[in-house]
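Enquirer: As listed in TrEMBL for this protein:
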type: BINDING; residues: Cys120, His135, His293, Cys297; note: Zn(2+) binding site
type: REGION; residues: 91-117; note: region 'Disordered'
Amino acid sequence: MSKTNVRRHALEKCRTVKETQKTVNHNFFTRNLKKVYPIGLHKSTSSSSLSLSSISLSLSQNSNDSSQADSLTPLDDKISLALRFISPRHAREPSTASKPLHHHQPPTSPPTEPGEFKRCNWITKNSDNAYIEFHDECWGIPAYDDNKLFELLAMSGLLMDYNWTEILKRKETLREVFAGFDANTVAKMEEKEIVEIASNKALSLADSRVMCIVDNAKCITKIVKECGSFSSYIWGYVNHKPIINRYKYPRNVPLRSPKAEILSKDLVKRGFRFVGPVIVHSFMQAAGLTIDHLVDCYRHSECVSLAERPWRHI
C-alpha cells in the first residue's frame with residue numbers, strides 16, 4: 001500500500017471515529033436530559049442553534065417537581081447547571097416586576113376578635129351580658145324622657161350598695177315595683193307599698209333605699225310644676241347639649257365633674273337624697289348628658305352623632 005493510500009485510510013478512519021463519538025454523545029445527552037426534564041430540543045426560528053430560552057423556561061417550570069428532583073443523578077445536575085450558565089441572563093434572573101407582589105408584602109394579622117366591636121376598655125370578655133347591653137344601647141345616649149331620667153337617677157343612686165352589673169340584673173324588677181318609674185305614681189306610694197318592695201328578695205333593698213326613691217319622686221313632681229318637665233330642668237345644666245369628651249384611656253375618665261358638682265348641689269337643695277357629685281356624674285354619663293365613651297370605642301362616634309343633632313325636647 002502506497003503512502004498516499006495509507007494517509008487517506010487513516011483520515012477516513014479518524015473521521016468515522018469522530019462522527020461515531022459525536023452521535024453517541026448527542027444521543028446520551030438527549031436521553032439523559034429527557035429523563036429529567038420532559039422538553040423537546042427544537043430549532044429556533046431565528047437561528048439553527050437550540051432555543052436555550054425555551055430550555056431555561058422549561059427548567060424553571062419543572063424545577064419544583066419533587067418527584068423528578070429525587071431522581072437526579074450527578075450527571076443530570078451538571079447538565080442542568082451548564083444550561084443555566086449558557087442561557088440568557090434575563091431568562092435565568094426574572095425581573096422584580098415579574099415576581100408576585102405578595103412575596104414582598106408583610107402578611108396582615110387577622111383581627112383578634114372577628115365580628116366583634118371595639119368597646120371601652122372596662123368592657124372585657126368576662127363582662128356580663130347585661131352590662132355589655134347597657135354599654136351598647138343606653139350608656140351615653142341622650143335621654144329626654146322624664147321616666148327614663150328618673151330610672152337612671154334611681155339606679156345611679158344604688159351604686160352606693162351595688163355595681164352596675166348587679167343593678168342592671170334588677171332593672172326589670174325595679175321597673176315593675178316602681179311603676180315604670182312614673183314619678184307621679186311613685187310619689188304617692190305609702191308605707192305598706194314601701195315595706196312590700198323592701199321585702200322583695202329579688203331586689204334586696206333596704207327600707208331607706210326604697211324610701212329614698214319615693215322621696216326623690218316627690219321632688220321630681222315639684223320640678224315638673226316649676227320647669228315644665230324634669231328633662232328640661234336636667235338638660236338646662238348643660239345648655240341642652242351633651243358634653244362631648246374624647247378620652248383615650250380609662251384613667252382619663254373622671255369620677256366627677258364641675259357640672260356634676262353644680263347639679264348635685266342644686267338637687268340636694270331641692271330635697272333629693274343620694275345625689276352626691278360622683279353619683280350625679282354617673283347619672284350624667286348614663287343619660288348621655290356627658291359622652292365619656294373612649295375615642296376608640298365604636299359607640300363614641302354614634303353617640304356624638306346623636307349629640308350633635310339639633311336639640312329637641314321630647
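Cβ coordinates are placed from backbone N, Cα and C, and glycine is handled just like the others.
Owing to the predicted nature of the structure, the values given are computational and were not obtained by experimental measurement.
I'd like to know what surrounds each of these features in this structure.
Expert: The Cβ of Cys120 (Zn(2+) binding site) has His135, Pro250, His293, Leu294, Cys297, Arg299 as same-chain neighbours under 8 Å, each 6 or more residues away in sequence.
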Enquirer: Please work out which residue of His135, His293 has the most C-beta neighbours within 10 angstroms of its C-beta, and give that one of the binding-site residues.
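Expert: That would be His293, with the highest Cβ count within 10 Å.
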Enquirer: Return the count of C-beta atoms lying within 10 angstroms of the C-beta of Cys297 (Zn(2+) binding site), excluding that atom itself.
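Expert: Taking every protein chain into account, the count is 21.
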Enquirer: Within 8 Å of the Cβ centroid of the Zn(2+) site residues Cys120, His135, His293, Cys297, which other residues of the same chain have their Cβ?
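Expert: So the additional residues around the site are Arg119, Trp122, Ile123, Trp139, Gly140, Leu294, Tyr298, Arg299, His300.
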